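Per TrEMBL, domain 'Phosphofructokinase' is recorded for 4-275. The Mg(2+) binding site annotation in TrEMBL covers ASP103. TrEMBL lists THR125, ILE126, ASP127, ARG162, MET169, GLY170, ARG171, GLU222, ARG243, HIS249, ILE250, GLN251, ARG252 with the feature substrate binding site. Marked as active site, proton acceptor by TrEMBL: ASP127.
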Amino acid sequence: MKTIGVLTSGGDAPGMNAAIRAVVRTGIYNQVRILGIKQGYNGLINGNIEEMNLSSVADIIHRGGTILRTARCDEFATDDGLNKALNIIEVFNIDGLIVLGGDGSFKGAKTLSDKGIPTIGIPCTIDNDMGYTDYTIGFYTAVETVVDAISKIRDTSSSHGRANIVEVMGRHCGDIALYAGLAGGAESIIVPEENTDIDAVCRKLIQGRNRGKLHSIIVLSEGVGNAYEMAKEIEEKTSAETRVTILGHIQRGGTPTSFDRIMASQMGYRAVELLLEGKAGRAVGVRQNQIIDLDFDEALSQKRVFRKDMYEIARILSI
Ligand code: F6P
């Protein structure tokens, strides 16, 4: 293995830079040339590629975003796009590839792996929606951002005696809402994995108000209804003035937490190690605090299990 390419794909996630740094430094330590592929699979299709050295990854471990830039690339899903990528891989003498991204990016990595390109995936997405790994890089940073926002919103919520809906990202996965809601002491958490009865949310709000509670924080996963319509319904049913905050892309940026940096460093290191061991077509992950790797098919087929136990704890603690 003389040359390894590395790319970041899909939505960015804090900690991607720490993982790139780990890949580059581990590669160079092992006398492997590392090529940085820019803007995800686009860079692989059009040859937007640069050799990286130790200094290319200096001063990035603490930075959000990705120095390689990222994209969601539709062309790569076509035969023409795939063939262009395979050609570039040959032209640049890329012997192995490391893909940092979520499940969509891993599907692309698997396609290349099926075509005989030794490929390893590192899970990077704030959504934490990949079933085979306990955590994805970026998730805990997003949770910290949401918890920080909840604390600030709670201040003004108490001052005004209002209810506040805080809408968070996560696509089809309620983990950001669940973890941030539990850590932020939210009164209600609404996620796609559990049916929500708005009347129950309203009853909780009224009960809290009756015992002198001044604030009410409702954490809502994106896609589970419309936050503004929900606010209107809550206002009508409880007469509590209700405001909406949609946190949006603020959750995707910022300095990665230590946990994300530590995972990124370990996973980046392991990804290079796997290629050097001659292993390919594997997804790196973490389970019970151990770095693991699984075949892409197996990793992609594992459905995320929702932490009902945590959801129940959050419900009980917010009475
Ligand atoms: O997958 C990460 C994510 O931030 C989701 O939580 C969100 O639904 C989506 O990406 C937003 O995508 P975009 O950055 O394209 O608006």
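Glycine too: its Cβ is placed from the backbone N, Cα and C atoms.
Predicted-model confidence for the domain 'Phosphofructokinase' (4-275) is 97, expressed as mean pLDDT. Proximity to ligand 1 at the level of Cβ atoms, with a cut-off under 6 angstroms, picks out none of the binding-site residues ASP103, ARG243, ILE250. In this structure, the CA atom of ARG252 (substrate binding site) is 17 Å away from the CA atom of ASP103 (Mg(2+) binding site). Spatially close to the residue listed as 'Mg(2+) binding site' yet at least six residues away along the chain are THR125, ASP129, MET130, LEU300, judged by Cβ distances under 8 angstroms. Around ARG171 (substrate binding site), a 10 Å sphere centred on its CB holds 17 further CB atoms from the protein chains shown. DSSP classifies ILE250 (substrate binding site) as helix under the three-state reduction. For the binding-site residues given as ARG243, ARG252, the lowest number of other CB atoms within 10 Å of the residue's CB is seen at ARG243. Here the binding-site residues are MET169, ILE250, and the one whose Cβ sees the fewest other Cβ atoms within 10 Å is ILE250. Under the three-state DSSP scheme, ARG243 (substrate binding site) falls in the strand class. In the three-state DSSP classification, THR125 (substrate binding site) falls within coil.
In the three-state DSSP scheme, MET169 (substrate binding site) is classed as coil. Shown are the binding-site residues THR125, ASP127; the one with the most C-beta atoms within 10 angstroms of its own C-beta is THR125.
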